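Per Swiss-Prot, the features are as follows:
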- 2-22: transmembrane segment (TRANSMEM)
- 27-47: transmembrane segment (TRANSMEM)
- 55-75: transmembrane segment (TRANSMEM)
- 81-101: transmembrane segment (TRANSMEM)
Amino acid sequence: MLFFVLAGLCEIGGGYLVWLALREGKSLWLALIGVVILGLYGAVPTLQPTHFGRAYAAYGGVFVALSVLWGWLVDRIRPDKFDLLGGWIVLLGVLVIMYAPRG
């Protein structure tokens with residue numbers, strides 16, 4: 001799970017820096033830094049001990065939950081009950097995908 005969180009922070013953080021530069025008129029240096037961080041996002045999931053499809057499917061759930069949290073903590077947009085419920089549902093899906101017993 002640590003690698004999923006790290007990948008999520010790279011993807012969301014890098015994307016956010018690009019967003020700030022292109023949508024909010026901040027320095028283009030932020031976009032450049034964001035692109036580098038997005039490149040790290042592409043590498044981090046390779047550290048997962050499972051195959052590509054499972055790793056990215058599970059990561060998608062972590063991304064959703066982290067995005068809600070990022071919006072709350074960074075953008076100061078308080079999630080409503082449906083945002084929170086959806087975040088918990090996708091995290092439950094992550095646990096099923098990654099840790100369900102397989103034979």
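In case you wondered, yes, glycine gets a Cβ from its N, Cα and C as well.
Keep in mind that what you see is a predicted model, and the values were worked out from it rather than measured.
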Can you name the far-off residues of the same chain, 6+ from the ends of the transmembrane segment (55-75), with a Cβ under 8 Å from a Cβ of it?
1, 4-5, 7-9, 11-12, 16, 45, 48, 83-84, 86-88, 90-91, 93-94, 97-98
Are there residues at least 6 beyond the ends of the transmembrane segment (2-22) whose Cβ is under 8 Å from a Cβ of it, and what are they?
28-31, 33-41, 44-45, 47-48, 58-59, 62-63, 66-67, 70, 74, 94
